[in-house]
Structure formats: structure tokens, C-alpha cells
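Enquirer: Below you will find the structure I want to go over with you.
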Amino acid sequence: MASISDSETTNHGSIWDLDQNLDQPMDEEASRLKNMYTEKKFSSILLLRLAFQSLGVVFGDLGTSPLYVFYNIFPHGVDDDEDVIGALSLIIYTLTLIPLMKYVFVVLRANDNGQGGTFALYSLLCRHAKVSTIPNQHKTDEELTTYSRQTYEENSLAAKIKRWLEGHVYKKNCLLILVLIGTCTAIGDGILTPAISVLSASGGIRVQNQKMSTDVVVVVAVIILIGLFSMQHYGTDKVGWLFAPIVLLWFILIGTIGALNIHKYNSSVLKAYNPVYIYRYFRRGKSESWTSLGGIMLSITGTEALYADLCHFPVLAIQIAFTLVVFPCLLLAYTGQAAYIISNKDHVVDAFYRSIPGTAVVIVMLVTTFLMVPIMLLVWKSHWILVVIFIVLSLMVELPYFTACINKVDQGGWVPLVVATTCFIIMYVWHFCTVKRYEFEMHSKVSMAWILGLGPSLGLVRVPGIGFVYTELASGVPHIFSHFITNLPAIHSVVVFVCVKYLPVYTVPTEERFIVKRIGPKNFHMFRCVARYGYKDIHKRDDDFEKMLLDRLLLFVRLESMMDDYSDSEDFTMMEEKTQGSSNALLLTGKAGSNTMCSTGDLSYSSQDSIVPAKSPIRGNSLTRYSSQTFGDELEFLNRCKDAGVVHILGNTVVHARPDSGIIKKVAVNYVFAFLRKICRENSVIFNVPHESLLNVGQIYYI
């Protein structure tokens, strides 16, 4: 067992200093990872091809909305031509302000390296301000090529907004709740929107056969939906190529028919492009004018898909498809319908479509509007006047629609809201318990200096093999490890602390995923490995996580061996002479290697097992003593340990509510969270850990 000298024990800060030096972040390791990420650039032909494919993936909901919009605006029929023109004017400017101006030209630019949606906005904010409720980020994460962020001047508006957001925990929680609301309502809307679109399209078969039962329409819609969803597994590329010609033909047909209807029935509807008719529409004083906004809102159903599906296509491709095809065809379709309705007022009513809900859509849009404010200030550094203009114009359109949609809650709009509320409860309970569990890990972690004070055997029998100890901490020793070695008399010859981190980036390139660092002297055979993932990284079943860890560990030792060879060269001797007297610690660094700390402040590692004070930061043959064991021997040692067997030690922290907690907290923690833990995949399954190599260490934590 290692011994600590008297001079060290008298210095009360030495162990703390040592622990800080041992647990230094992996700055050097992270900075050496190669920048492999390059922004994708597309040729003009490829861009047009992607714009064509996007028609079959992104714009289906917007394209089918003309099927049911006017039915929901005038469920009781049309009395006056001015009402149709006023409603058409509202549709025209709603399409112009929300999908075209807000989303296509503004919101699409707020993407996370090509990823869109509410969560992408939150990820951008978490990178530009410390608003994440789980404080597991470090500046080494900023070395990632996908981790783009801005710097601010001290007195700039962006810096003030950043400090304001970071000032209190409740602001971070409010931001998280807003994001969860937007995400959950998008899920609620996404569940119903495909069914509504297909059901509305299937309803067309009743036009020529009014005696046909509604059940027949429903059966046809179900068959179509089954066929559509059965094709999803072929991937976005094949689905896009399959449906893009159909959707393009659809837009061309509805645009052409709309133009013909304008010419055939009533070209006077073109005056609806004058926004004054919106004012006249509401001035008439009918209560139906305000409630009809719920129906008009359906004209922009699927707009959020422009942003949420951004991961499949570049921004410019979606902008081209919308501005050149979707937008003009929709305007022609709605204008032609209005012309037809004016001449055939009895054909507007169809009770089948009255109960279609448009409620969750407007909530998602409102959330996007609010999240765009800090994005414009922090990420884009926009002038505050532009931010005010954006939010005023957005809310002028969206708030009236929101109040009008509230009236449709009892007509079917409650369905997506119930789904969204359920998802919100699940997400918030999961997040709350995860944060509490992480705080427990942070507060109960063990000092690395204490572990190393046990000596190379860690005070136990070191049996052949490699032990991967999983932890959520990127520094320190997890409580689970001390719990393990306290109750069992042996530990593996090689110990690797594996920290799996999920960062606010959409992906982490494979070559930048793992960072490896040695802990303590070489004869301890202890390492730390941080595996970093983005929120869209998928753990595939064919990925061998264990093999990747072992390969990275062996690569680290091999590169360290290269640095050891370099340390014996004359060039290194010259560098050593230049740094003597001015450096507190010498780091062995190289183009692709890791760092090996030879001295740390007033403490250094000797050739023995103990930790002793050093009288000089760099002395005589300290490097030679530290390198007495060749790295070739260590590689052979690691390979022998690998052949002896690998064990994955996972912590299983069970969270319970305290006995004196309230009933809501007890239900949320003891039942909801416990149920979610049971039905969710465990880490052993996610990382494909063989069952025979798994060792679970359990502990209970009361919150």
C-alpha cells in the first residue's frame, strides 16, 4: 500500500491540490482530435434534386390542407360573398407571414448544424449560455467540430441576456418547461396530423356517391395509412423519391384547377390580396368571424414540419421548394376554391370535417416564437429592434389564432392536448429524477487522491482482467466504485472509468467520440475514458461498444509510447533545458498523443508505489524513473488482461421519494419514474454489453 510522507500530511492542502491535478479536464486530449467536420456544400443540380425530394417528405400536410380549410371556416354555410373574400384574405396573409416570412426566411436559419425543431433551438441556447439543468458540460466539449458557439463583448446586449438567463435556476427551469411544452405539443400534433390528412383526402370518394357510408371512408383511410407507414423503414431517400412526383403532381393540379376556377367562376376574388378585406371581415361584427380563425389556422397545418424535418434536407432546398412550388400553388388553390364557393354556396358545408382539431399546432408555433428571441440575441447577435419586429409580427398573427383555437378544444382539439400533457408529465418526471440522481453522484463522489493513496493494488487483490466502471461523472471517482471495493476483496488489474456524456449537439463524429486519459502512475493501470454522444446519435445493435473502448485504450497507450520515445531524444532534452526554472509541471505532449504529468506542483510520482513530495519540479532522472516500464510491456500487459476477460461494472441507483414527501412527489418518483425505468432500455442493452460480462452494483438514493 502506498505511504504518504510526514511533510505531506502536515500540509493540509496537499491532498486537495493533488486531487485537483489528478482530475484535471482532458483539455490536451480533446484539442488533439482532428477537425473532421466540414460544412456540406451542394451543387446546383444536387440542390434542385433535394428540393424535389423534399416535396415528398416535408410538404404533405400543407398540400392537403385545402381539402378541409373552407369546410371548417364556414361550418354553417356562407351568407355573404364578402365573408368568403375576407376569409381568403386571411388565408393568403397567414400563409405569407407564418410559413413564408417567419419559417422559410427566418426560423430555418436557426438550425443546429442542419437540425431543426424545438430541441435544436434548446441545444443552441445550451451551447451559448449555461442554461442546462444538468451541469455536466466542460470547455473541452467546445473542442468538438459540431459544437459551434459565439463569444460576446462584456457590455453587449447578448452578454447581458446571457448573464440574465444564467442568473437563477428558476429561469433555466422555465426555459426547459417551455421547450418541453413545444416538444410535447409537436408530438401530439404529429400523432393526429397524418390521420387527418389521409382521412380528408379519402373523403373525396363521397363526392360522387353521397350515400356512401362514413365507415367506408374510414376503412380506406386506415388501409392507406398502413401502406404509408409500412414504407417508412425504407428511409427518407427512397420515400422522398417515391412520393415527390406524386406530391409535385398534386400541387400542379390544385394550382391549375385553382387558376381555372378563378377564370371560370369569379375573378373578383383576386381583390382578397388587398389586406383591407381582413379588416372588413372582422368589422362586420359577427361572432363567427373570430371563431372561424380556428379553421383558417388549418391552412398552415404542417408548417412546423418545415423546421422539424430540416435534418433531411438543406435549408436552401426547402426554401426553393416552398417558394417556387408550394406557396404559389397553395395561393392559387385557395383562391380558386373561394371563387367556386361564391358561385356554389351550398357546397361548402360538410359535417364530416367539422371536428378536425388545429390546437397543438399554434402552441408549437408560439413556443418557437419565444425561443427565437434568445436565439436571435445570443446566436445571431441581432439588433434588438429586429427582434422586437419579429416577435410583434409573429404574435400579432399567432395570438389571435391561439385564442380562436381554444374554442375548438371541446370539438376535438382536446385530443392532441391530452397527448401533449401526458408526454410532458413523463418527460418532466424523468428529467427531475435524472437531475437529482446526478446531483447525488456529484455530492457522493470519492477523492481520486484517496483512491491513489491505496497504492497500485488499491488496497485489494488485483485480479487479471479489465474492469470498465461506468459513471456519469467526468471527474472524480463514483461512489459506486468505493461501494464496490469496500464490499468485495478484489478488483481488476486494469480499471477504466467510463463516462458516457450526452452533449447539446446533434452528433459527435466517431473520431472525436472518445477521450482517454491516464490516472496516476503507470503501475496503477488506471484510466479515464469519456464517450461523448449527441442527441441524435443512435446506438446501433451492430456497434461493439466494448471493442471501441478497448481499441481506444490500446491506441492511447501506443501513442503514449511514441511520446515516450520522443522524450528520450535530443530534441526533448533541449526543450527540457529551456523550460527548467520557469515551469511548474512538465507535460509530455505531441501531435497525436496524450499528456503524462511527471510533476504536479510540489508533488510528484516516484518510481515506487508511494506519492512523495518533490523538491524540484524537474529533477535529474525523474523522467527516466517514470519511464522505467516500457510501453511495449504495458501493451502486452493490457492484451493479456483483455484475454483474461472484461467486466462492465454498472451502477444501478434506485431513486425513492423520502417518507415525508408529498403524495404527488411519491407518485411521480416511486411509481411513474420507477415504471419508466422498467420499460426503458438499460445501459447494458444500449451499449450491447454481454450478459456474462455485466456486474450491476445497486444503491438507493432518497430525494
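Each Cβ is built from the backbone N, Cα and C atoms, and glycine gets one as well.
According to TrEMBL:
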TRANSMEM  42-64  transmembrane segment
DOMAIN    50-357  domain 'K+ potassium transporter integral membrane'
TRANSMEM  84-105  transmembrane segment
TRANSMEM  212-229  transmembrane segment
TRANSMEM  241-262  transmembrane segment
TRANSMEM  289-308  transmembrane segment
TRANSMEM  315-336  transmembrane segment
TRANSMEM  356-377  transmembrane segment
DOMAIN    358-451  domain 'K+ potassium transporter integral membrane'
TRANSMEM  384-402  transmembrane segment
TRANSMEM  414-435  transmembrane segment
TRANSMEM  447-470  transmembrane segment
DOMAIN    464-703  domain 'K+ potassium transporter C-terminal'
TRANSMEM  490-508  transmembrane segment
Enquirer: Would you kindly list the residues that approach the transmembrane segment (384-402) from elsewhere in its chain, counting only those six or more residues past its ends and only Cβ-Cβ distances under 8 Å?
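Expert: Beyond its ends, the transmembrane segment (384-402) has Cβ neighbours at 94, 97-98, 101-102, 106, 157, 290, 293-294, 296-297, 362-363, 365-366, 369-370, 372-373, 376-377.
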Enquirer: For the transmembrane segment (315-336), I need the partner stretch with the highest count of C-beta pairs below 8 angstroms, choosing only from 42-64, 84-105, 289-308.
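Expert: Ranking 42-64, 84-105, 289-308 by Cβ pairs under 8 Å to the transmembrane segment (315-336) puts 42-64 first.
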Enquirer: Express the predicted model's confidence over the domain 'K+ potassium transporter C-terminal' (464-703) as a mean pLDDT, rounded to an integer.
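Expert: Across the domain 'K+ potassium transporter C-terminal' (464-703), the average pLDDT comes out at 70.
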Enquirer: Verify whether three or more Cβ pairs under 8 angstroms connect the transmembrane segment (289-308) with the transmembrane segment (84-105), leaving out any pair fewer than 6 apart in sequence.
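Expert: Yes; at least 3 Cβ pairs under 8 Å.
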Enquirer: Would you list the DSSP helix, strand and coil counts for the residues of the domain 'K+ potassium transporter integral membrane' (358-451)?
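Expert: Within the domain 'K+ potassium transporter integral membrane' (358-451) the tally stands at 81 helix, 1 strand, 12 coil.
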Enquirer: Check the transmembrane segment (241-262) against each of 42-64, 289-308, 414-435, 490-508 and return whichever range has the most CB pairs under 8 Å.
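Expert: Between the stretches 42-64, 289-308, 414-435, 490-508, 42-64 has the largest tally.
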Enquirer: At a C-beta cut-off of under 8 Å, are there same-chain residues at least 6 beyond the transmembrane segment (414-435) that contact it? List them, or none.
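Expert: Sequence-distant neighbours of the transmembrane segment (414-435): 133-134, 176-177, 180-181, 183-185, 187-189, 191-192, 357, 359-360, 363, 655, 668-669, 672-673, 676, 703.
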